[in-house]
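Peer 1: Pulled the feature table from TrEMBL, pasting it below:
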type	residues	note
DOMAIN	B:99-272	domain 'Yip1'
TRANSMEM	B:118-141	transmembrane segment
TRANSMEM	B:161-181	transmembrane segment
TRANSMEM	B:202-220	transmembrane segment
TRANSMEM	B:226-248	transmembrane segment
TRANSMEM	B:255-273	transmembrane segment
Amino acid sequence: MAEAEESPGDRETASPRPLFAGLSDISISEDTPVEGEITIPMRSRAREFDSSTLNESVRNTIMRDLKAVGKKFMHVLYPRKSNALLRDWDLWGPLILCVSLALMLQKSSVDGEPGGGPQFAEVFVIIWFGAVTITINSKLLGGNISFFQSLCVLGYCILPLTAAMLICRLVLLAGPGPINFMIRLFVVVVMFAWSVIASTAFLADSQPPNRKALAVYPVFLFYFVISWLILTFTP
Amino acid sequence: MAAAEELAFHEFEEATNLLTETPDAVTTIRSDQLASREHVSVVVGSSVSYGAEELQEEGDKTALLQEEKPQPGFWTFDYYQSFFDVDTAQVLDRIKGSLLPRPGHNFVQHHLRNRPDLYGPFWICATLAFVLAVTGNLTLVLAQRQDPSIHYSPQFHKVTVAGITIYCYAWLVPLALWGFLRWRQGMREHMGPYSFLQTVCVYGYSLFIFIPTVVLWLIPVQWLQWLFGALALTLSAAGLVFTLWPVVQEDTRPVATALLSTVVLLHALLALGCKESLVGMWGGTILSPDVLLPAHVMPMVTMWPGS
């Protein structure tokens, strides 16, 4: 910063002086050529960075994105008040989670009776339209979170419920029974609470203080519906 | 660190330029510049809207302030944001007001106070649709435990049907009511009709009582189900009638009674539809008539007259 200030003036001495100290009495007359170079080191570094990602191997690109997704998974599993999920949002994680959850909720409907479980498209639509509705709701209530940041947070916080679905499917391999049901109920309830707490930790700060409950309730309803879909799944 | 310095440097440069032009201007630092760098900032009408306004007592002042603000066009985001301008305490207060109707205690005048919101109706309808689907599923689970021959399936299509029905009811019936009241507006001098949003609000909040009722309908005792249903319908319809009474009492007697009875009838139809989809009209499920009643309750139920 100091170099940008000193380069147009050739009358200032090169001795170190506090920033902006003599700014008020700099006046450049018209016949004094003003020349120099204002270089901001960060920008050149960024340009280097951009061109180099084109030349790197595909493996590097994929690993970088996977690492970002994995880091966000860790943030969801141990929710602290941090801005990492909000700052660099991405939608890869929510997509992976949503597709795996919808695939696991598929029932092998051999007889094709009506009134079966949710189809893949229904689960997909519920998750994405539910997340969009919650985001629009929180923006209408006056929250200052952007659209995709909110989608990112809600999508990533489905991770505990996807884990619950996996555990439920494994438990169901052992055969139905009341103990089976109690285990599944316990797992789903714990994961539901984890999801709600994780998403509230990220989203609640963006709301005005007297409307937090109004913004959190739809999140609660959203994860409740998904937990219900998981709990009532029978193979 | 470097980013903050960059920002400060830009601000100062602009400020010095402006200062050289107008030496006696007042400089203030606008902190919302920093906010808009990282987030998509949603501009809330004017700064009066939720900061200072909530501190004032609700009364003529708030009405005046609202009228002074220019109404944004319907294509802007601010227009829709004005419908969600409620706090948690206000929503809870409106729900309580819908649960306990009193004669002469007009919901619109007392609770809405010229600030109808869309948050309540929308999320109450959504909750009711999901609660209906979940409870329907639960009754099927309970039925299967009694009688293992019933084939259990999650019946996911119920969510769609329930949702569409409830949303249509909560939006189309107020539309028809509002249209009808406006058409009859010429007969009335005392009080203008309610706006469309106020009507939607009244209907939306009046549906709240059905949420605990639907959950309580899980109890398989038939007379209890009818009792809960009648109680919910009475409270809900009473709220609607007490709200509509000041508007229709200026009208001719036959029209007023016809309107009020239509409103109550439609509400009763909705309640019966909910009960039918869950537990059947006469205490059974759609699959088999009396499979919900546990074996030891059946003799007790047949003893009650009229059930």
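Just so you know, glycine gets a Cβ as well, placed from its N, Cα and C.
I'd like these features described in context: how deep, what's nearby, how far apart.
Peer 2: Below 8 angstroms of C-beta separation, residues 121, 125-126, 128-130, 132-133, 136, 193-196, 199-200, 202-204, 207, 247-248, 259, 263, 266, 270, 273, 277 of the same chain, each at least six residues beyond the ends of the transmembrane segment (B:161-181), sit close to that stretch.
Within the chain, the transmembrane segment (B:202-220) has long-range Cβ neighbours (under 8 A, six or more residues past its boundaries) at 94-95, 97-99, 107-108, 112, 120-122, 124-125, 127-128, 131-132, 135, 138-139, 142, 166, 169-170, 173-174, 194, 228-229, 231-232, 235-236, 239-240, 243, 267, 271, 274-275, 278-279, 283, 292-294, 297.
Within the same chain, residues 165-166, 169, 173, 177, 180, 184, 206, 210, 229, 232-233, 236-237, 240-241, 244-245, 248-249, 281 sit at least 6 positions outside the transmembrane segment (B:255-273) and bring their C-beta atoms closer than 8 Å to a C-beta of that stretch.
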Peer 1: Where else in the chain does the transmembrane segment (B:118-141) make close Cβ contacts, counting only residues six or more beyond its ends and a cut-off under 8 Å?
Peer 2: 83-84, 86, 91, 94-95, 150, 152-156, 158-159, 162-163, 166-167, 170, 197, 200-201, 203-205, 207-208, 210-211, 214-215, 217-218, 274, 277-279, 285, 292
Peer 1: Apart from its near flanks, which chain residues at least 6 from the ends of the transmembrane segment (B:226-248) lie with a Cβ under 8 angstroms of it?
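Peer 2: Counting only partners 6 or more residues beyond its ends, the transmembrane segment (B:226-248) has Cβ contacts under 8 Å with 98-108, 181, 188, 190-191, 193-194, 202-203, 205-207, 209-210, 213, 216-217, 255-256, 259-260, 263-264, 267-268, 271-272, 275, 307.
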